[in-house]
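Single-structure report; data block below.
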């Protein structure tokens with residue numbers, strides 16, 4: 001497996017590993033220097049990052065089947081978390097079953113590399129099928145709410161996230177520097193980096209709130225600082241992992257920076273509406289899976305189509 | 001042997017991977033028998049979810065108590081219930097009143113079993129606790145040193161409601177309370193148990209919105 005890995009991908013994983021080791025050492029030192037303060041959440045968070053990186057490495061480094069199965073399972077967990085969070089009607093039990101079935105089918109199109117069906121299956125066929133199945137049950141009370149929330153969840157957790165898997169089946173000869181997995185590593189790394197950068201800029205310089213009703217901790221300084229830092233890193237990493245030119249990589253950085261922010265606050269709005277703090281408890285220190293994947297639900301499809309339009 | 005295979009190949013993957021369980025108060029679960037686990041009953045999955053909360057080491061001692069009129073009604077179900085799930089069958093509608101109905105449970109507890117009991121008697125409305133039957137108080141009065149551990153499940157009634165055979169995955173929540181002990185009278189015990197279940201149900205409502 002490692003024989004076929006481009007050098008840039010090997011370096012990328014070594015760099016991520018080094019970053020995590022540094023983060024772990026810092027959190028351990030902090031706890032030792034200030035034993036009176038409780039750093040449990042920070043340490044949990046970093047521990048969970050190790051798990052996330054391990055799962056991501058398995059998803060990316062083996063072969064197409066492993067990638068599709070792992071990323072499909074992540075989609076399944078995200079959709080399940082969403083459905084567990086929202087109110088559903090008892091009458092829709094079997095409709096939800098069909099909605100779940102869309103996940104393996106969608107990832108099967110990915111595995112085949114069938115772009116045409118991958119891109120229309122959920123937005124067209126599933127979109128038209130699920131309301132029909134609901135109507136066969138016949139409960140009209142709450143129909144619009146039920147079908148609206150169900151389809152929105154499928155689009156966010158399955159359709160959007162399946163773009164991460166389709167990046168791995170794009171023809172690698174279009175990306176000589178990064179090979180088959182370069183594009184996805186670039187996207188995921190920049191998306192997560194952008195989250196952290198916006199947080200740090202906001203904590204350090206943030207004053208004016210950007211969306212006070214949805215996410216009172218987000219500030220204009222955090223947003224702008226994050227976008228600019230992400231853009232700089234996007235330009236630096238692009239020649240190693242992607243076929244993007246320098247100008248194109250500036251655009252990719254801005255796109256990921258802005259889209260990541262919008263994805264983050266969209267999931268925040270969902271949680272606020274439902275009156276919950278975290279979307280779940282799957283990732284200790286982070287909350288639920290959607291708390292971690294929120295930005296990616298926006299950056300994955302948008303960056304995919306940006307790169308797809310320019311180079312594939 | 002069959003029971004271990006069932007546990008490893010079906011119960012654990014089904015409950016932990018397909019559904020996913022978030023258990024709070026896991027430290028209250030007994031490390032060994034005898035003990036009585038009391039839970040609300042909304043779905044056939046309740047039993048499997050409870051089994052999945054126990055580690056491999058003690059699973060051999062865990063026995064759900066189930067109605068013989070339902071689980072022994074045909075040959076296959078009987079074999080499956082007794083040998084694969086490991087139920088202790090009891091008669092829900094005994095011909096004559098008396099403590100003899102509970103005799104197999106008392107016997108199992110003397111053998112250090114961890115028994116699972118659903119005192120609502122049958123699967124009720126999802127996430128609601130029905131009226132508790134007081135057979136549990138009779139049982140505890142005959143085995144007064146046995147801890148009774150209350151468990152409240154939220155979400156299983158959505159995964160597989162009564163009368164449905166298609167399973168739909170949801171994350172589920174389990175709230176495990178501190179053990180209760182017999183203090184000498186039945187009414188007092190039932191009151192304590194009902195209160196404890198209500199507290200757990202309230203916690204579940206609060207944390208799941």
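Cβ atoms are placed via backbone N, Cα and C, with glycine included.
Please treat TrEMBL annotations as automatic predictions, because they have not gone through curation.
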- Annotated range (TrEMBL: transmembrane segment) out of A:82-101, A:142-161: A:142-161
- Query: Any residues 6+ beyond the ends of the transmembrane segment (A:12-30) with a Cβ under 8 Å from its own?
  - Reply: 37, 39, 42-43, 46, 49-50, 53, 57, 61, 185, 189, 240-241
- Task: Go through the chain and flag residues at least 6 beyond the ends of the transmembrane segment (A:221-241) whose CB is under 8 A from any CB in it; none is fine as an answer.
- Result: 8-9, 11-12, 177-178, 182-183, 185-186, 189-190, 193-195, 197-208, 210, 248-250, 252-254, 256-258, 260-261
- Query: Counting only residues 6+ away from its ends, which parts of the chain sit with a Cβ under 8 Å from the transmembrane segment (A:108-130)?
  - Reply: 64-65, 68, 72, 95, 98-99, 102, 147, 150-151, 154-155, 158-159, 162, 165-166, 169
